[in-house]
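Per Swiss-Prot, active site, nucleophile is recorded for 50, and the stated evidence type is sequence analysis. According to Swiss-Prot, the substrate binding site annotation covers 49, 50, 51, 52, 109, 114, 115, 116, 120, on the basis of sequence analysis. Annotation source Swiss-Prot lists NADP(+) binding site at 189, 190, 191, 192, 193, 194. Positions annotated as site 'Important for activity' by Swiss-Prot: 99.
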């Protein structure tokens with residue numbers, strides 16, 4: 001079995017491609033079932049965020065498994081595989097393990113060290129378990145990645161002062177208008193990203209904020225989190241009226257198609273309007289920029305803001321790298337030790353069978369008058385002897401770091417004791 005990751009990210013693909021390959025949580029069960037239906041895919045987990053879609057898998061044959069995952073991605077994005085391939089990356093074995101740990105630690109994020117990705121890795125692990133995508137290898141790997149992500153944030157300073165996508169979006173708005181306090185601001189959507197937008201806007205002095213949401217309940221739930229802020233609440237049918245009055249509009253919804261485009265905006269009485277779309281799939285169609293006075297920015301435009309933050313964080317990232325290597329090594333040692341399990345189990349089973357047979361012979365010779373408590377003593381004695389004899393060889397076998405040396409030992413045990421073993425994971 002081999003571990004692979006195939007995917008794309010903000011480093012390899014523009015948002016116009018990433019939005020085509022975004023998998024909503026409601027569709028994750030179908031995606032995992034589809035991937036598991038391929039003949040060479042044994043385990044699977046999916047991380048889907050605004051900046052990445054990554055398929056982690058345990059495959060029987062690396063080349064065939066990777067080909068099947070690429071086919072799935074092409075079908076999901078409704079793209080020709082030849083066109084899609086230039087945006088994909090593939091990592092195998094140790095590199096795939098290291099990549100997941102780097103993702104969980106925030107080292108692969110657009111915003112170096114951002115904390116939201118760890119929650120997204122946890123969610124991917126939970127969904128993988130829930131939809132029966134995970135087996136022994138990926139379950140352990142994701143748990144190790146989550147542990148590594150927590151360690152990086154608690155044992156290094158990489159998370160200190162890190163900007164998020166939401167805070168970067170607010171920084172971008174401030175760069176464009178200087179003073180947010182005199183701007184009419186609208187946020188379309190009332191999810192977690194919108195909550196963070198409100199938080200950062202208020203901290204930057206914004207006073208006139210309107211929340212537009214599909215459901216009144218969602219908007220009210222968001223407003224309750226900011227009891228000291230006078231948030232205006234509107235429902236989706238009022239969206240265009242709100243946009244017409246706004247100076248800056250942030251969009252952050254789960255819509256799979258654009259909710260704003262040129263056709264909807266061109267007849268509005270707009271003077272100047274800044275649209276900042278932090279959703280993937282995109283909420284705002286690119287053709288709105290054909291309207292005079294409208295400026296559109298999507299998540300890829302945030303790199304301008306992030307660049308100011310990155311240089312000071314590089315040194316912190318180096319500290320995190322060393323810590324992650326420890327976690328990678330721990331996982332690899334565990335994975336390699338699985339190779340010994342069938343042989344050890346077979347040896348213990350064979351020795352235990354011999355012990356039981358010989359004990360039964362001895363007790364039958366001693367006769368029925370032999371007291372039960374004495375039988376228990378002999379039972380305990382023989383088990384103890386077996387455990388003592390097997391303990392050191394098993395410990396040494398598991399601890400052997402040299403792969404070839406370990407395989408020679410395994411083959412020797414199998415030959416000397418005539419063991420029948422099942423194939424290891």
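Using the three backbone atoms N, Cα and C, a Cβ is placed for every residue, glycine included.
From a predicted model like this one, the values you see are computed outputs, not experimental measurements.
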Listed in sequence order, residues not in 49, 50, 51, 52, 109, 114, 115, 116, 120 with Cβ within 8 Å of the centre of the substrate site Cβ atoms: 106, 110, 111, 117, 165
Mapped DSSP class for residue 193 (NADP(+) binding site), helix or strand or coil: helix
Surrounding CB atoms that lie within 10 Å of the CB of residue 49 (substrate binding site), all protein chains: 22
Candidate with the highest Cβ count within 10 Å, taken from the binding-site residues 115, 189, 191: 189
Residues within 8 Å of the 189, 190, 191, 192, 193, 194 Cβ centre (excluding the NADP(+) site residues themselves): 187, 195, 196, 197, 222, 252, 253
Neighbouring C-beta atoms (10 Å sphere around the C-beta of residue 193 (NADP(+) binding site)): 21
Secondary structure at residue 49 (substrate binding site), reduced by DSSP to three states: strand
Cβ packing number for the residue listed as 'active site, nucleophile', 10 Å threshold: 23
List of residues, in chain order, with Cβ under 8 A from that of residue 99 (site 'Important for activity') and at least 6 apart: 5, 91, 108
Same-chain residues at least 6 apart in sequence whose Cβ lies under 8 Å from residue 194 (NADP(+) binding site): 187, 211, 222, 250, 252
From recorded positions 50, 189, 191, 193, the one whose Cα lies nearest residue 109 (substrate binding site): 50
